[in-house]
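Report on one structure; see the data block that follows.
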């Protein structure tokens, strides 16, 4: 089998590998996480271990990661497979999921009912989509500048489903959905034109087949 995840070898370009964290109990129970600091479950550890083995030889000049536990634990498997520590990792709260306000910790159905009770859509609690995307923009600009200045050819970004969806919307995929746990989304950044080109979305080759999120309401 030909591996779909390939490194960038061109000068003047950075290939970003956006990776969603492994599965959590809140994911399978359809509980909204947002900024809640939830660990990955046994299946999440298995997914992350498989991903780690899959990309163990992928050359990475730098790694960015959300500071929440589910991303840190996913990253730990990736680093273990590579025999590396956190020296090249930059942890940041800027990569966190959308903050969902008072509905964080609720089952999705209860969140919808709570919204109806207050004459609001459940996605109107916490950060709005516009506020969420506006929060991401300064970080994305900073990250692009940093990898260009340091001439990084390949960079991994460990984050969340909603965050990766927002990144995809920013760079030309407005109808992007939530990608699967530990999936890999590839975006190429051209230093000269400052353009971002989406090459691959939500790849789960490491899990044996392409996997998709059944309930797109859940983060």
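Numbers run from 1 along the shown chain.
In case you wondered, yes, glycine gets a Cβ from its N, Cα and C as well.
Annotations in TrEMBL come from automatic prediction, not curation.
As given in TrEMBL:
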ACT_SITE  21  active site, tele-phosphohistidine intermediate
ACT_SITE  97  active site, proton donor/acceptor
BINDING   20, 21, 22, 23, 24, 25, 26, 27, 70  substrate binding site
In Å, how large is the greatest distance between any two Cα atoms among 20, 21, 22, 23, 24, 25, 26, 27, 70, the listed binders of substrate?
15
Across all the protein chains here, work out how many other Cβ atoms are within 10 Å of the Cβ of residue 70 (substrate binding site).
28
In the same chain, outside 20, 21, 22, 23, 24, 25, 26, 27, 70, whose C-beta lies within 8 angstroms of the Cβ mean position for the substrate site?
33, 38, 40, 41, 44, 181
Other C-beta atoms that fall within 10 angstroms of the C-beta of residue 24 (substrate binding site):
21
Let me make sure I understand the structure: which of the recorded positions listed (20, 21, 26) has the fewest other Cβ atoms within 10 A of its Cβ?
26
Given a separation of at least six residues and a C-beta threshold under 8 Å, show me what packs close to residue 22 (substrate binding site) in the same chain.
40, 41, 43, 44, 45, 46, 47, 48, 70, 73, 74, 77, 181, 182
Measuring Cα to Cα, how many angstrom lie between residue 97 (active site, proton donor/acceptor) and residue 24 (substrate binding site)?
14
If you draw a 10 Å sphere around the Cβ of residue 97 (active site, proton donor/acceptor), how many other Cβ atoms fall inside it, taking every protein chain shown into account?
27
For residue 24 (substrate binding site), which of the three DSSP-derived states applies: helix, strand, or coil?
strand
